[in-house]
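Undergrad: According to Swiss-Prot, the protein has these features:
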- 32-100: domain 'BTB' (DOMAIN)
- 187-469: domain 'NPH3' (DOMAIN)
- TYR410: phosphotyrosine (MOD_RES)
Amino acid sequence: MATEGKNPINMNSMSSSLARTGQWVFSQDIPTDVVVEVGEANFSLHKFMLVAKSNYIRKLIMESKDSDVTRINLSDIPGGPEIFEKAAKFCYGVNFEITVQNVAALHCAAEFLQMTDKYCDNNLAGRTQDFLSQVALSSLSGAIVVLKSCEILLPISRDLGIVRRCVDVVGAKACNEAMFPCRTPPNWWTEELCILDVDFFSDVVSSMKQRGVKPSSLASAIITYTEKSLRDLVRDHSGRGVKYSDPGDNESDERSQQRDLVQSIVSLLPSDKGLFPVNFLCSLLRCAVFLDTSLTCKNELEKRISVVLEHVSVDDLLIPSFTYDGERLLDLDSVRRIISAFVEKEKNVGVFNGGDFNRGVCSVSLQRVAKTVDSYLAEIATYGDLTISKFNAIANLVPKSARKSDDDLYRAIDIFLKAHPNLDEIEREKVCSSMDPLKLSYDARLHASQNKRLPVNIVLHALYYDQLKLRSGVAEQEERAVVVLPEALKTRSQLQADTTLAKENEALRSELMKMKMYVSDMQKNKNGAGASSSNSSSLVSSKKSKHTFFSSVSKKLGKLNPFKNGSKDTSHIDEDLGGVDITKPRRRRFSIS
C-alpha cells in the first residue's frame, strides 16, 4: 500500500492481504480520491473508507477550505508509514496481526486518528486496548517488549498512560520473580530488563522500590544492566581497551549518551552498604572519569568505594585519566580522596568506640588498606609523571601505626628511586621520609644496607639497628618477626648525629686523598732539582709537614669517632630488657680507608 517517492499507487497494486479479504465489497475499479502523505510514503485511498473509522480525517476534510481535498499530510502520526498502513487496512476491513511489538504504536496511532469506540463501535483503539490488557501485559517478558517499543513513541505513549501501565506491570512481576522465582536461573528477569532505555529502567527500579523489594535484588538488576550497557566502554582495569574520543569528533553524541547513562545508573544505587562489589564500583568510577561525568557523580562513587576500601585490590585503584590529546594518565586525586575518606571514617569509628587513633590503635581493616596502598605505590612508582610530593602524599595518608612492617613501602620506594635515577641526596631523603627504617624486617634491612640508591642516613639507620639488636642478644627469629625494641626508638637523636659524622668522614676522606697527591707531586719536583743540600732540606721539610698533617687528621678523626671510649652508651637498655646481658663494646676506630 505504500511506495517510496511521490508516485501514488493504484488499488490494484495494494497488498495481497487486501485482495484476499472477504469484506471488500466494492469494485477495485473505483478510482481513489485522496493521497495520504506519511513522511516520504504516499498512500492512494478512498475518503469514504477513511472517514468511516477516523474522526480526525473526517474533521480535516470537513474543516478544509478546499471544497475537494485531494491530499492529506499525516507525517506526525506515531509509528510512521508502517503503522499507518495497518490503520488503513483496518479502515478497509483487511486482516492484519497485532503483536506485542506493534500494539503500542497501533494504539497511539488509533488515538491520534481518533479511531475510538466513541466514534465507531469496535474501532481500532478498542482492539489494541483489549490486546494490551489480555495478552501483552499478562507476562513480564511481554510487558518489557511493549515498554521498549514505547521509547520511539514518546511523548504520546506516556501521555496515553501506556508507559505507566507497562512500568507498573514490569515492576510488580519483577518483584514477584525476585521473591518467588519460577524460572532458572533465578535472576533471569534482570537480563530481560537490559533491553530498556535507562530512563525506563529507572522507572522500573523506582516501581520496585515502592513495592518493597529487597535491596539485594535491585543491586543485582543494576549490576546486570550496567555490565550489558557499558561492556564496550572499559574492557580492562588499566583502561588500555578504551578508545579516547575528543568531544569535538563524530563520537561526541555517543560519548554524551554514555555519560548520561553512567550518571543515571549512579543515581539509582541503593544506599545500603555492601550491596555492590568494590570492583564494580571501581569500574563505574573508571567510566565516570573517562567520560568526564559531573563532580557529584564521581564524588558519590568515591564515597561508596571508601566505605569498602579494605576489599579493594591494586588493579581496582588503577583509575585511568586522559589528557585532551588522548594521553593516558592515572587519576591520583581520586585515589587520594578515597583513601583519605576511609582513614577519616576509621578515625571516627575509633574515637566512637573509645580507642585512641593517634596512639597507634588501628583496626584490621586499616592495616589491610595500608598494605594495599603500599602495593599501589609500587605499581605506580615507575610512572614518569609521579612526583616526589605526590608519592609521599599518598604514602602518608595511612597512619604509620597501621603498618606493622614497612617492607612493602620500602619496595615501593626502591622502585621509585630506580625509576628516577637522577635524584640528588636531598630528594632521595625526601622520598624515604615516609618510611621508618626501624620497622624493616631483617631481610629488608640487609637489602637496604647494600642498596646504593638509598641515602646515607637510611643505610645508617638499618646498620645501627642491627648493631643494637646484636648487642642486646635478641635471637634472629625475633628479628624476622619484626619486633621493634623500645630502646631502638629512643636512639633516633643519636642516629641523626651519626648521619652528620658519616658525611664529615666522607669529606675528610676526600681531603686526605688530595693531600696525598699534593705531597707526591712535591717529592717529584724536589727530586728533579739536582741540589743535594736543598733536596735534603726539602725532604726534611716535607716529612715534617706530612707528619704534622697526618697527626692533625688522626686527631680530628678521633674526635669524630662515635664509638670511641664507648660513646654510644647502651647501658640504659638494661632497665627495660629485664636483665639482658649487654657486653661493653670493644674500642674501635672509624675507618676512612
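Positions of Cβ are set from backbone N, Cα and C atoms, glycine also.
Any idea what these are sitting next to in the structure?
TA: Broken down by DSSP into helix, strand and coil, the domain 'BTB' (32-100) contains 27 helix, 13 strand, 29 coil.
Across all of the domain 'NPH3' (187-469), the predicted model scores a mean pLDDT of 84.
Within the same chain, residues at least six positions away from TYR410 (phosphotyrosine) with a Cβ under 8 Å of its Cβ are MET435, LEU440, ALA444, ALA448.
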Undergrad: Under a three-state reading of DSSP, tell me whether TYR410 (phosphotyrosine) is helix, strand or coil.
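TA: Reduced to three states, the DSSP call for TYR410 (phosphotyrosine) is helix.
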